[in-house]
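Participant: Next up is a structure, given as structure tokens.
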Amino acid sequence: MALTTLISFKLSLLNPLHHHHQRIKSSKLQLSNVGISHQHRMVTSMNHHLVPKYPFLLLSCNGHNPKLRFHSCGQVGAQKGYASSGEEPQSRVSDTSTYQEEFSWSSVVFPFLFPALGGLLFGYDIGATSGATISLQSPELSGITWFNLSAIQLGLVVSGSLYGALLGSLIAYAVADFLGRKRQLIVAALLYVLGGSITAYAPELNVLLAGRLLYGLGIGLAMHGAPLYIAETCPSQIRGTLVSLKELFIVLGILLGYFVGSFEINAVGGWRFMYGFSAPIAVLMGLGMLSLPPSPRWLLLRAVQGKGSFQDLKEKAILSLSKLRGRPPGDKESEKQIEESLVSLKSAYADQESEGSFLEVFQGANLKAFIIGGGLVLFQQITGQPSVLYYAGPILQSAGFSAAADATKVSVVIGLFKLLMTWIAVLKVDDLGRRPLLIGGVTGIALSLALLSAYYKFLGGFPLIAVAALLLYVGSYQVSFGPISWLMVSEIFPLRTRGRGISLAVLTNFASNAVVTFAFSPLKEFLGAENLFLLFGAIALLSLIFVISSVPETKGLSLEDIESKILK
């Protein structure tokens, strides 16, 4: 019920814009012939499925003869009948967006919830590790004899799951289409269960590290499969809302990890429970995915690729879509949607065969896009974000909160603040634009890191400064690098190389995250906390210069406009 209410609230913000487009449409498109109206609605419905993913494929309705037309990306907006009415090219997209697919809310919740648990478990690992590192190194509370970890050993414990995630994302790139989204998420759930359980029951350090690596493999597969399954199975008119909510699930996971840590920090061997708590959630995720149908689009992709009986796969796709929408098995509406999807998928698959080589991502406009997108996700990590999140407890503990329990409780406050700021960013990004949020947020990040450095240098008598600096860092990150970097990555790459470009951005993100997390403890030991945060602050200033000089504003632009006006 809470999820449905949250989605309904988000959709209510869009209603005025929807009614505005309805009035424009009714005032400009008056069709007297009933047959033509019916065909126009059918064509608009089909275009709704074709335009967002394959702008080069459009259906046009001229009299009683609907025709299939192919257009280059730059021609999407200049359709016959719209140009003559004096409308701007963008109105073409607005018209197709008025189609509203019918669905049952009860049938939407679970296909979103169970994949999103994969993101929640990723976030939980971040939050739980904050408290577990304190418990694991405590002579009195660790419950082990090997609690005296070196800086490198602690770095491996913390970053082990991220190295696994990096490896998992590489594996996912190779096997995703073979396994399918559903089976990929089931395998991710199994790896979560194994990794969490082995870590929780580890008798010595090497076994613990193996468990961390397995858990990380689950992260890599889940973070690849979850957005694909959600995007391919949810109704198009709420896709943006659900993808945004999936990002919030990661933040909820971080908060849950902080809560569990705060309750178990005083227990002997509390770190075992912190890591083991993920296992039952992963079991729920796995059982939930078993109950869901496979992605209809993946089934159609296998059919088009000739990976099975075309007719059998098509019928399975129809039954899958019927179940996902809460309709009777094999209903006519689902059959119609599958037929429409097949038309676009066949065309898109043929187009993909003509794509260039891997090196094309590093050429011309594609290189410019990679510099922007890759630069953002790189600076997202090397400004210290993994360290601040993973080491929130130790930072606060060394900043004056000597009792570990106090530090983990403050971490819970940070998690709540992070959740609030993430929600604000989701609501405001299309109002304020990308650049203002990035510039303001990165400025706040640089200031907060300077405050942390100053605290360790000469403001040690004021522990609240450390807490305020951490809150400023988290808030600034969550309205800038956190959501905006990935939004820009999804927008900036040209259609031709978008898949490869996003894959490179994901690898850049995980790799830099793992390196910074691993290097934090040794660097802190070598440089001292004050100089380390000063280094992160200097990098933040460099990232601010990068944003101001290189990152364009994409608010209100179509993907075709970004490619033609910004990249070229």
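Here the Cβ of each residue, glycine as well, is placed from N, Cα and C on the backbone.
Features from TrEMBL:
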- 103-124: transmembrane segment (TRANSMEM)
- 111-555: domain 'Major facilitator superfamily (MFS) profile' (DOMAIN)
- 144-173: transmembrane segment (TRANSMEM)
- 185-203: transmembrane segment (TRANSMEM)
- 209-231: transmembrane segment (TRANSMEM)
- 243-261: transmembrane segment (TRANSMEM)
- 273-292: transmembrane segment (TRANSMEM)
- 437-456: transmembrane segment (TRANSMEM)
- 462-489: transmembrane segment (TRANSMEM)
- 501-520: transmembrane segment (TRANSMEM)
- 532-551: transmembrane segment (TRANSMEM)
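What does the local environment look like for each feature on the list?
Facilitator: Long-range Cβ contacts of the transmembrane segment (144-173) within its own chain (Cβ-Cβ under 8 Å, at least 6 residues beyond either end) map to 122, 125, 129, 133, 136-138, 184, 191, 195, 204-205, 208-209, 212-221, 223-225, 269, 386, 390-391, 503, 506-507, 510-511, 513-514, 517-522, 524-525.
Tertiary neighbourhood of the transmembrane segment (273-292): same-chain residues 110-111, 113-115, 117-118, 120-121, 124-125, 128, 131-132, 135, 182, 185-186, 188-190, 192-193, 196-197, 199-201, 211, 215, 218, 257, 260-261, 264, 267, selected by CB-CB distance under 8 Å and a gap of 6+ residues from either end.
Among residues of the same chain six or more beyond the transmembrane segment (437-456), those with a C-beta under 8 A of the stretch's C-beta atoms are 379, 383-384, 395, 399, 425, 428-429, 462, 465-466, 468-470, 472-473, 475-481, 484, 528-531, 533-534, 536-537, 540-541, 543-544, 547-548, 551.
Same-chain residues lying 6+ beyond the ends of the transmembrane segment (501-520) with a Cβ under 8 Å from its Cβ atoms: 155-156, 158-159, 162-163, 165-166, 169-170, 173, 220, 223-224, 361, 366, 369-370, 373-374, 377-378, 380-382, 384-387, 390-391, 489-490, 493, 532.
For the transmembrane segment (532-551), the residues of the chain that approach it from at least six positions outside its boundaries are 371-372, 375-376, 379, 382-384, 387, 434-435, 438-439, 442-443, 445-446, 449-450, 452-453, 456, 488, 520, 523-524, judged by C-beta separation under 8 angstroms.
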Participant: Same chain, outside the transmembrane segment (209-231) by at least 6, Cβ under 8 Å from its Cβ: which residues?
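Facilitator: 111-112, 115-116, 118-119, 121-122, 125, 156-157, 160-173, 176, 181-182, 184-185, 187-192, 194-200, 202, 239, 242-243, 246, 275, 278, 282, 295, 506, 510.
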Participant: For the domain 'Major facilitator superfamily (MFS) profile' (111-555), provide the mean pLDDT of the predicted model.
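Facilitator: Summing pLDDT over the domain 'Major facilitator superfamily (MFS) profile' (111-555) and dividing by its length gives 83.
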